[in-house]
Amino acid sequence: MPVSKKILFLAGDGIGPEVMAQVRRVMDWLNQTGRTAFEVEDALVGGAAYDAQGTPLHDDTVALALAADAVLLGAVGGPKWDASLPFELKPERGLLRLRKDLELFANLRPAMVFDALAEASTLKTELVSGLDVMIVRELTGGVYFGQPRGISALPNGERRGVNTQVYDTHEIVRVAKVAFDLAGKRGKRLCSVEKANVMESGLLWREEVTKLGADYPEIALSHMYADNCAMQLVRQPKQFDVIVTDNLFGDILSDCAAMLTGSLGMLPSASLGAADAAGNRRAMYEPVHGSAPDIAGQDKANPLATILSFSMMLRYSFDLAEEADLVDNAVRGVLAKGLRTGDIFQPGKTLVGTTGMGDALLAEMAQLAN
């Protein structure tokens, strides 16, 4: 009998509720077939939360997130709230507060190319076919949070903008541990990325990751400067297995890697916190794509990135590799059969909507399970 686990669903804005509804169908199928015992609570976040509760993230929702075994988020934001709200009430602030209050410091951004979609990439098919890279980005430190920061007036009439790139040892070590552990479950290769040639924070990063590498003799550790890494991702992306890097470089490199795949509608992500004594981590999972308000409510959204985010949850929060593989292989199956939502549509393929993609995925899962 599977152990009961609590998941908090935060559908959010735009296409969020539609894509999350398809995840609920996948989860219900896993529950009904006796593979899992998930309990779901629903709450509001982003613009939907502001409209109903006057804040992009209510304290009660934070409490639910802290009590849950994992959080799954749809999407937040949209033009409805962009111009009218002060910065601290914008939908995206709800997401940032969630990450902060859950103490999520490691952002996992996989860049996978399914064989059926290899031609959608802007790179040559042979460069990206079979690509499976995982970028681990430090999420709560570095230049986005370092002090001092700000814009000040100078005596000569000019203005000065200051941001501070700063990392302490523990911030580097904890995210590097996540990356080493991931590499151990994948291809046993880890590339640490910084600018140790010109930045002291990068030099400290390299020294600490190298020291930690002694605890992981089975992992082949390499180091690369961030500018070279960006070039290599475009030149020969399949040389990488797991990449670990800081907040700024991770922000840039993960978006670079995302476009190797051809569609943001296919990309999941995870954000992880520290492990407790039992090895459990606070975690939030979400698709990389935005809320796409222009197609919301029209059954046009691609649910696969959110479904693949749920697959990451199965794998990394609940250690259910077999169930995660089932979901991943079902996604491969429906794509191989030529089913496409509008964002990944190609001539000669079959156009389906959000619900139609969900129908096909459930049928594929049932077929694979038998």
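For all residues, glycine too, the Cβ spot is worked out from N, Cα and C.
Counting only same-chain residues six or more apart in sequence, the Cβ atoms lying under 8 angstroms from the Cβ of ARG99 (substrate binding site) belong to LEU139, THR140, SER271, MET284. Here Swiss-Prot flags ARG99, ARG109, ARG137, ASP227 as substrate binding site, drawing on sequence analysis.
According to Swiss-Prot, the feature site 'Important for catalysis' maps to TYR144 (among others). Secondary structure at TYR144 (site 'Important for catalysis'), as computed by DSSP, is helix. Neighbour density for TYR144 (site 'Important for catalysis'): within 10 A of its CB lie 15 other CB atoms from the protein chains shown.
As annotated by Swiss-Prot, site 'Important for catalysis' applies to LYS195 (among others). Here the Cβ of LYS195 (site 'Important for catalysis') has 20 other Cβ atoms within 10 Å, regardless of which shown protein chain they belong to. According to DSSP, LYS195 (site 'Important for catalysis') is assigned to coil rather than to any helix or strand.
DSSP assigns ASP227 (substrate binding site) to a helix. Annotation for ASP227 (substrate binding site): spatial neighbours LYS195, criterion Cβ-Cβ under 8 Å with sequence separation of six or more. Annotation comment: Swiss-Prot describes ASP227, ASP251, ASP255 as Mg(2+) binding site, evidence class sequence analysis.
Residues annotated as NAD(+) binding site in Swiss-Prot, with sequence analysis given as evidence: GLY290, SER291, ALA292, PRO293, ASP294, ILE295, ALA296, GLY297, GLN298, ASP299, LYS300, ALA301, ASN302. According to its DSSP assignment, LYS300 (NAD(+) binding site) is coil. The Cβ of LYS300 (NAD(+) binding site) has THR341, GLY342, GLY353, THR354 as same-chain neighbours under 8 Å, each 6 or more residues away in sequence.
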Practice prompt. Kindly assign ARG99 (substrate binding site) to one of the three DSSP-derived states: helix, strand or coil.
Written response: helix
Item to complete: Check each residue in the chain of ALA296 (NAD(+) binding site) that is at least six apart in sequence and keep those whose C-beta is under 8 Å from its C-beta; list them in sequence order.
Response: ASP13, GLY14, ILE15, GLU18
Response to the item:
Span of ARG99, ARG109, ARG137, ASP227 as binders of substrate, largest Cα separation rounded to whole Å, comes out at 28
Worksheet item: Near the Cβ of GLN298 (NAD(+) binding site), how many other Cβ atoms are there if near means within 10 Å?
Response: 13
